[in-house]
Amino acid sequence: MAASAPAILLVDDEPHSLAAMKLALEDDFDVLTAQGAEAAIAILEEEWVQVIICDQRMPGRTGVDFLTEVRERWPETVRIIITGYTDSASMMAAINDAGIHQFLTKPWHPEQLLSSARNAARMFTLARENERLSLEMRLLNSTSESRVEKRRRALREGMGFETILRTPNSAMTGAIALARQFASFDVPVLLRGEPGSGRAQLARAMHYVSLRSDKPFYEINLAGLPEDLAMIELFGARRGVLPGGVAKIGLAQKADRGTLFVAGVEAASPALQLALLRMLADGAITPLGGQETASTNLRLITGAAADLRAMVAEGRFRADLYYALSAGEIALPPLRARRGDVALLAQSMLAEAAVRHGKQALGFDAAALEFLENYDWPGNLRELHNEVTRMLIFAQDNVLGAELISRHILQAAPSESGADRSAEEVMTADGTLKDRIELIEMRILRETLTRNRWNKSRAAAELGLSRVGLRAKLDRYGIEHPAGRVQEEEED
């Protein structure tokens, strides 16, 4: 018996927009439509809906207002909003109030709408299965990887550029546009960017929209790998070379007819550089300890954190390999250049972490988002992910506040250029001793107040100050509550 199609609710006050969306989705979904929020609520009270796609601008109640109520009453429903407006205020409201899964901007393409709806339906099913399985795993005390976890990984790996979250005006938009151009051309591509900037995710997205998408995708990071181990991982080893006498198939052969992403290519030894060049030129590889060559037909995407062109000029990287790797070259911006994306990324990471750890969380408060957006994130996406997970672990409420943020982030006051200043930068900055001490004092005051939820009595006691003395320092440095005023709280 065939499974029933997932139910999707389309909400828009314009009949022609509803008709266009229904036409794009009706082959894959059981489509329900509503002309406005009230009609949609009535449908939700009667029907089981997995996905909602809602227009932002509607008379009466906006899409954000409607989806906020949906999150409270039907939190498992995956919510997508369509908007023609890209101002950050609207986006922040949608992220925090409605807990949306994805933005779509007008004009949307039917294939884009269908792809987003399919992904949302899969995520709905996956979340429900994961919740059920988490309960079973606790009872069984099992540490083995679950079937649902495998399916979730396959789902994420199976999606293309839609997995790369960003706002419409993101600095990431240009890199993604270039990646889309190169994806369908079977040429090597070099992704330049700092560690944690999303190079592997972009490489995976390129693979899954390429002509090789039905073939395997493998990745390896050469940074820190000894030459012999890197050679074995990439090209394999003949029987008798490794302990135990077993042969090993390298990633280059496993990725035959698929895609291989090699990060940290700047760390490749001269011998490994030569082997990579040979593989690119002739498709030939030689396993460690072997005499005969094997062949592979793969698409190579590489990632580099260093400037390979400069390394070529210094004689530390082969010029012929650099030019072979960089038929297409894409520069990825660091997270500090994507401040407008931080809230969206953090919300998505929080939702994933909440499901993974079985702990409910609805989002961040305004003060927490302000700190997260103003921090420099030298560790890029990895650091943000770890910080969000840490906040979730210590959270006592469904809405995560700024007091949960690590001290070094709370103390990192933005500089005039917008970048955060580390303690070392403050110590070596221009100015007198008094100026530098004042900078450090401002950071300590700001962090202590935030951690104590702006209770000045507790903050003053912790700092060994009177409330009058604390107030004098706040006035002197112009330190205010993130909401725009210093919040008064009664003493304990």
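Cβ from N, Cα, C; glycine included.
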Checking feature assignment: DNA-binding region per Swiss-Prot, candidates 12-31, 92-111, 212-231, 452-471. Which range matches?
452-471
Spatial neighbours, same chain, of V262 (ATP binding site) - Cβ under 8 Å, 6+ residues apart:
E219, I220, N221, L222, L234, L276, L300, I301, T302, G303
Least buried by Cβ count (within 10 Å) of the recorded positions D55, D256:
D256
Quick check for the class: what is the C-alpha distance, in angstrom and rounded, between T259 (ATP binding site) and D55 (4-aspartylphosphate)?
38
Using DSSP, what's the helix, strand and coil tally for the DNA-binding region (452-471)?
13 helix, 0 strand, 7 coil
G193 (ATP binding site) CB neighbourhood, other CB atoms within 10 A:
20
Inter-residue C-alpha distance, G196 (ATP binding site) and D55 (4-aspartylphosphate) (nearest angstrom):
34
Measure from the CA atom of D55 (4-aspartylphosphate) to the CA atom of G193 (ATP binding site) and give the result in Å, rounded to a whole number.
36
